[in-house]
């Protein structure tokens with residue numbers, strides 16, 4: 001243990017005549033950790049009763065199969081028993097006149113015996129479990145040699161208490177720490193210009209144990225050595241840390257010669273520690289200072305320049321004392337009231353989910369062990385994490401974790417935009433919160449407070465700026481599947497997913513995205529070359545768009561598979577079907593930016609298939625949509641009443657008198673490898689009124705029949721899920737447009753009679769209506785996938801590519817793609833945001849002069 005805070009912590013004097021045991025043969029090699037069941041963790045309880053336990057130590061005690069302890073007070077014993085009833089006191093292995101080394105061997109062995117049985121074992125040693133302790137180091141070394149996982153956790157040592165109670169910093173001007181017997185036995189060097197701490201001064205040269213204490217017969221040998229270096233009048237601080245809450249700390253000043261007084265000598269016990277302050281300070285080495293660039297050549301150090309403040313307590317008369325408020329200190333204090341945090345300062349800005357997760361990982365050993373085995377599982381199953389936070393947890397990078405938790409408002413704003421692009425609920429909430437503050441002159445502050453409550457410590461203005469920046473420089477804004485027209489024909493589906501671009505289901509190599517322009521080249525092994533200019537089309541310019549106009553992300557530009565680049569722009573891509581119903585790619589898997597087909601599009605008879613309780617698919621009744629005025633839907637002999645249609649999704653409820661509930665998504669399928677049956681198809685869920693909604697799709701239908709209903713359902717579910725992503729994107733876009741309008745309105749709200757206010761209010765009202773329309777689409781989509789987790793884009797398949805088909809009847813005369821300016825394409829913006837250089841931690845560089853060389857290898861508790 002770390003200190004002589006109790007009478008059990010005494011050194012075992014070495015027997016210089018002891019038999020020398022040869023080292024084990026070179027063939028002896030430790031086994032890799034963790035090959036065997038069982039785990040050993042040694043923790044420290046600190047010196048002060050209970051209060052100096054670390055949170056990690058307590059958690060390990062609570063979760064252990066077996067606990068063994070040597071502690072300094074009965075209150076700590078009681079605390080350990082309260083945390084784990086399977087606890088054993090190792091103090092019982094001490095005995096009068098029994099060699100302490102025998103005791104330490106036995107202490108280690110009882111822990112190892114339980115470890116070898118496969119148990120999770122925790123050893124608790126008072127103070128720091130690795131400082132002046134033998135059993136802990138012995139047990140860990142043997143456990144590792146035998147192939148078990150074994151580690152030590154630090155504790156609060158007696159020296160830590162001494163530094164705090166006496167008020168010294170070991171780095172100024174350096175500190176030597178010795179065990180008193182070892183100092184004498186090996187004639188250790190003393191440096192009177194540094195602090196000196198001597199442990200176990202009350203049992204010098206003694207190797208056995210005495211319950212009633214020791215006769216310190218060798219004490220004068222220590223005083224002789226100290227007097228040789230420091231002189232008889234140098235101060236010695238007799239220190240004993242307080243243990244129980246009712247205890248008081250002993251800090252008594254004596255001189256070396258006063259310690260020879262028999263009355264004072266009796267006050268020194270086995271738990272006593274000595275502190276000797278510096279006798280004089282070492283002068284600055286001017287040559288080294290010049291080499292380090294800390295002093296110009298030819299300059300001299302002024303008298304008093306090295307005077308420390310706070311002063312060293314009880315230092316000798318040759319140690320100068322500085323002053324609290326000199327010129328430099330007064331100048332620094334004068335600047336305090338005008339201080340503004342610098343741009344590089346990043347306070348804690350993390351989601352509540354991230355903060356809770358990191359706290360749990362730091363204080364719950366079992367949770368951390370589970371995370372270590374599968375970081376992605378925790379990252380993907382924890383709700384409320386932002387995308388960067390999830391990535392940081394998946395990688396386990398200390399640098400990434402720091403960067404996502406200590407961020408700027410601009411960084412957090414980008415995280416919010418990324419989150420609401422994928423979470424329509426968050427986007428809807430933001431829309432409503434913004435609109436509620438339209439006429440409030442303090443609206444920015446109110447919205448900022450709301451954002452902070454959601455885990456995003458940023459402002460709507462920063463979010464607005466982030467949205468504009470991400471439209472130009474981040475593919476996250478455009479994440480979806482796009483149907484394309486190339487040279488008047490249906491082109492390949494282009495998918496943007498998790499920062500990766502796909503042509504059909506082929507990954508695009510070495511693409512670049514900058515200033516809203518996406519480029520790639522066939523010279524890099526791609527099946528084509530392209531220069532595509534992206535834009536998010538909105539109607540926030542104050543001019544209403546024609547009915548059924550496309551609103552959402554699209555791109556225009558150049559796409560070619562061979563030869564030279566086309567002379568004029570030849571490509572249009574949209575998140576959804578084109579007005580005529582033509583298109584390509586995923587066969588109709590669009591987004592909120594298209595209005596969806598009329599019910600008449602889906603008139604036909606569909607052979608249906610349903611999932612059985614055994615998990616297989618079986619054919620069921622025919623679903624028919626009649627070509628009558630009402631477009632009646634029947635299922636076998638049953639008529640469906642009061643159904644609704646939105647964005648190619650039909651739904652009905654048993655509460656309206658239907659035999660079951662259903663939500664189904666329709667699409668026009670073009671043959672692919674995954675789904676070779678052509679024509680209208682649907683996929684969705686059906687369930688009885690008495691049953692909960694199924695967790696996954698369980699119903700599919702198509703014109704004709706299929707030998708693989710499971711494959712058909714899976715392919716259609718993928719298309720439906722990509723449509724969901726498109727709908728979510730539409731909600732996010734409308735939320736951003738509304739936020740921009742509200743910011744303008746808040747700025748004009750100071751004068752509600754002005755034309756600027758009226759125009760801003762009208763724009764905000766219109767943006768709110770547009771947002772509500774997008775949210776209505778999303779509500780239907782939410783119903784379709786009720787009880788399912790939001791789609792994980794890392795797992796979601798890429799829709800199969802379809803062959804080029806002629807859609808020359810598609811009317812695109814109103815689409816102007818001839819003036820696409822791609823001359824300013826910047827492909828120099830190579831993304832190196834994921835280069836992790838933050839893992840270098842230099843905040844805890846230890847420049848103290850602590851001498852730990854040749855610590856007495858037989859010194860023990």
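Glycine residues also receive a Cβ, built from the backbone N, Cα and C atoms like all the rest.
What you see is a predicted model, and the numbers here were worked out from it, not measured in a lab.
Per Swiss-Prot, the features are:
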REGION    1-279  region 'Methyltransferase domain'
ACT_SITE  100  active site
ACT_SITE  104  active site
ACT_SITE  126  active site
REGION    280-408  region 'Clasp domain'
REGION    409-799  region 'Type III-specific C-terminal domain'
COMPBIAS  579-593  compositional bias 'Gly residues'
MOD_RES   805  N-methylvaline
MOD_RES   808  N-methylthreonine
REPEAT    810-814  repeat '2'
MOD_RES   812  N-methylvaline
MOD_RES   813  N-methylthreonine
MOD_RES   815  N-methylvaline
MOD_RES   817  N-methylvaline
MOD_RES   820  N-methylvaline
REPEAT    820-824  repeat '4'
MOD_RES   822  N-methylvaline
MOD_RES   825  N-methylvaline
MOD_RES   828  N-methylthreonine
MOD_RES   830  N-methylvaline
MOD_RES   833  N-methylthreonine
REPEAT    845-849  repeat '9'
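When the Cα atoms are compared, residue 100 (active site) and residue 126 (active site) turn out to be 17 Å apart. In the structure as shown, the Cβ atom of residue 104 (active site) sits within 10 Å of 25 other Cβ atoms.
This prediction places the mean pLDDT of the repeat '2' (810-814) at 36. Its own atom aside, the Cβ of residue 126 (active site) has 32 Cβ atoms within 10 angstroms in the protein chains shown.
Between the CA atoms of residue 126 (active site) and residue 104 (active site) there is a gap of 14 Å. Counted with DSSP, the region 'Clasp domain' (280-408) comes out as 59 helix, 2 strand, 68 coil. A 10 Å cutoff on Cβ-Cβ distances gives residue 100 (active site) a total of 23 other Cβ atoms nearby, all chains included.
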